[in-house]
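As annotated by TrEMBL, transmembrane segment applies to B:6-22, B:34-54, B:66-86, B:93-117, B:123-142. Under the heading region 'Disordered', TrEMBL lists B:149-171. For B:162-171, the entry in TrEMBL reads compositional bias 'Basic and acidic residues'.
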Amino acid sequence: MKGIIFALGAGMFITLQGVANAFIGTDIGTWNAAFITQAGGFAAAMIILILLRDTGWKQLLKAKPLYLASGAFAAVILFGNMEAIYQLGATVTVAVILIAQLALTFAADARGWFEIEKKEIQLPQILGCLLMAGGVIMLQL
Amino acid sequence: MVIGMALAVAAGLLVGLQNIFNSRVQTAAGQPATTALVLGLGALASFLLGLLFTGGSMFSWDALEWWHPLLGFAGVGVVICVVQAVKRLGPTVAVSIIMVSQLGFAVLWDALGVFGLEQSPPSWNQAAGLLMIAGGILVFKISPKKGITSSKQPGRMSWQHDSAEERRKKA
């Protein structure tokens, strides 16, 4: 039960953050909003890191540079999210982002990208994709 | 409209990619250090891209309110909720509920018109579309074992991958 509440809470926080970012982006600029909210989040994460006396950062260089650099994607993710919310509203934006996200992971699994063990595509995945695509078309009608 | 769609697709693809890459960093360095690195790099990249595309506006902060940076703290709430949900429910179920929850709350925010969103109560079309998408997510993710969602495989289908600690427990 607690797990379900946490999962629902995650969905709430993620979407609320998106619309709140878009809101302040209209005042201070979209890139400015992307910068300032992530800088705030970074400060919070650093405080937690220090309070936990976490030493994980010493191991960071064990990961490949490409994987380490992926944090920079968030700039484009936040910018895209905000601009899409301005144009499409929250519902359609979230739906499209979720589907694109599933499609990417699906392709990575099916093609074995990034050292992922290749997996066979099965009927449920194809069915799920068709349902989701149909759903987005319905949203737009 | 078209540009908005294209940007949403780009953002979604990058989220998927970032989840895979972050899970690799997490395996090496753990959750707290990974979170700090991702947010720090994101802030840096946002500043540089803002500078590139808008020039001087990255130095004009007249409209900044004291609570704007605090919005970033919600990101820490996201991480805590996701980690706890995955710990209690397993990645597949947790991620499915998180995704469906995102759709539900997005509809709610649009319906309420919070944070300057154009208030738009959900229509029947929308309700049907959302049910189809939610159903699609569930069918996609909760499939027979040994398939794409098999939880022992690294980099399997999921919104957020296991933390290093979870992996060690499973091993």
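Residue numbers in this text run from 1 along the chain shown.
Using the three backbone atoms N, Cα and C, a Cβ is placed for every residue, glycine included.
These figures come from a predicted structure and were not determined experimentally.
Counting residues 6+ beyond its ends, the transmembrane segment (B:123-142) has Cβ neighbours under 8 Å at 92-93, 95-96, 99-100, 103-104, 107, 149, 157 in the same chain.
Across B:6-22, B:34-54, B:66-86, stretch B:66-86 shows the highest tally of CB pairs under 8 A with the transmembrane segment (B:93-117). Cβ atoms under 8 Å from those of the transmembrane segment (B:34-54) belong to residues 18, 22, 25-26, 72, 75-76, 79 of the same chain, restricted to positions at least 6 beyond its ends.
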